[in-house]
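> Following this message is one structure expressed as structure tokens.
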Amino acid sequence: MQTEQQRAVTRLCIQCGLFLLQHGAESALVDELSSRLGRALGMDSVESSISSNAIVLTTIKDGQCLTSTRKNHDRGINMHVVTEVQHIVILAEHHLLDYKGVEKRFSQIQPLRYPRWLVALMVGLSCACFCKLNNGGWDGAVITFFASTTAMYIRQLLAQRHLHPQINFCLTAFAATTISGLLLQLPTFSNTPTIAMAASVLLLVPGFPLINAVADMFKGHINTGLARWAIASLLTLATCVGVVMALTIWGLRGWV
């Protein structure tokens, strides 16, 4: 019976870590919460090894070890899932949930998804505000809003069809630069600063992965940090390729 319980707790601990890693948590948090959950559910110790595409976790109880491995598939950044997992771990630490209760709560976790139109609208507004704050004027803000909102919607459609992220970023950057650049060619916007073109692709800056990459490397998770840095760099490169393609094909004036 004790072995069966340890096996169940091991599955829950690695599921906890997998939830966090799949939805954008830093490696230190993945390690900490999976260990805390195991100890809260009666394990003597929990050891884990985290990489960008897998987790290996071992629980130790009365000298008996059980090890489990799970592959990691990126499911996109979603802090709602991360906070839900944190809440469940805290409940287990306060003995408000046993391992069966934790298993039930884990099965009920669903990523929070906002409507596409709302996400595209808010992204457009944020990019337009950046343009206005950087002396782009109201006319530049209007161009940025239209270009970035359309580009974000295109990005969502491509992601829904499971297009490779690098190709997705490249095509989205191409669309955003094309829309903003062609609008700047109109006589109405002849005096509009070209910062509008740069601001329209801000939605593609991989800020969260870069922050997590630096945090991982500072906290000793070098391999995971370098992997995240490489992925973010490839996304940035794909964005640059898309921008240069649009500038070259349409003969648009540059950002300066």
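Placed from the backbone N, Cα and C atoms, the Cβ positions cover glycine too.
According to Swiss-Prot, the record shows the following:
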{"type": "TOPO_DOM", "residues": "1-113", "note": "topological domain 'Cytoplasmic'"}
{"type": "TOPO_DOM", "residues": "136-140", "note": "topological domain 'Periplasmic'"}
{"type": "TOPO_DOM", "residues": "159-168", "note": "topological domain 'Cytoplasmic'"}
{"type": "TOPO_DOM", "residues": "190-194", "note": "topological domain 'Periplasmic'"}
{"type": "TOPO_DOM", "residues": "216-228", "note": "topological domain 'Cytoplasmic'"}
{"type": "TOPO_DOM", "residues": "250-256", "note": "topological domain 'Periplasmic'"}
{"type": "TRANSMEM", "residues": "114-135", "note": "transmembrane segment"}
{"type": "TRANSMEM", "residues": "141-158", "note": "transmembrane segment"}
{"type": "TRANSMEM", "residues": "169-189", "note": "transmembrane segment"}
{"type": "TRANSMEM", "residues": "195-215", "note": "transmembrane segment"}
{"type": "TRANSMEM", "residues": "229-249", "note": "transmembrane segment"}
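Describe the structural context of these features.
Broken down by DSSP into helix, strand and coil, the topological domain 'Cytoplasmic' (1-113) contains 59 helix, 22 strand, 32 coil.
Only residues 6 or more beyond the boundaries of the topological domain 'Periplasmic' (136-140), in the same chain, are considered here, and those with a CB under 8 A from a CB of the stretch are 188-189, 192-193, 195-196, 199.
Listed as Cβ neighbours of the topological domain 'Cytoplasmic' (159-168) (distance under 8 Å, sequence separation of 6 or more from its ends, same chain) are residues 234-235, 237-238.
Taking Cβ pairs closer than 8 Å, the topological domain 'Cytoplasmic' (216-228) reaches residues 26-28, 31, 50-53, 209-210 in its own chain, all 6 or more past its ends.
Counting residues 6+ beyond its ends, the transmembrane segment (141-158) has Cβ neighbours under 8 Å at 116-117, 119-121, 123-125, 127-132, 167-169, 171-173, 175-177, 179-180, 183-184, 189, 192, 196-197, 199-204 in the same chain.
Note on the transmembrane segment (195-215): residues 24-26, 28, 77, 123, 126-128, 130-131, 134-136, 139-141, 143-144, 147-148, 151-152, 155, 169, 172-173, 176-177, 179-181, 183-184, 225-226, 228-229, 231-232, 235-236, 239, 242-243, 252, 255 of its chain, located 6 or more positions outside it, place their CB under 8 angstroms from a CB of the stretch.
If you look at the transmembrane segment (229-249), the same-chain residues 6 or more away from its ends with a CB under 8 A from one of its CBs are 52, 165-167, 169-175, 177-178, 181, 201, 204-206, 209-210, 213-214, 217.
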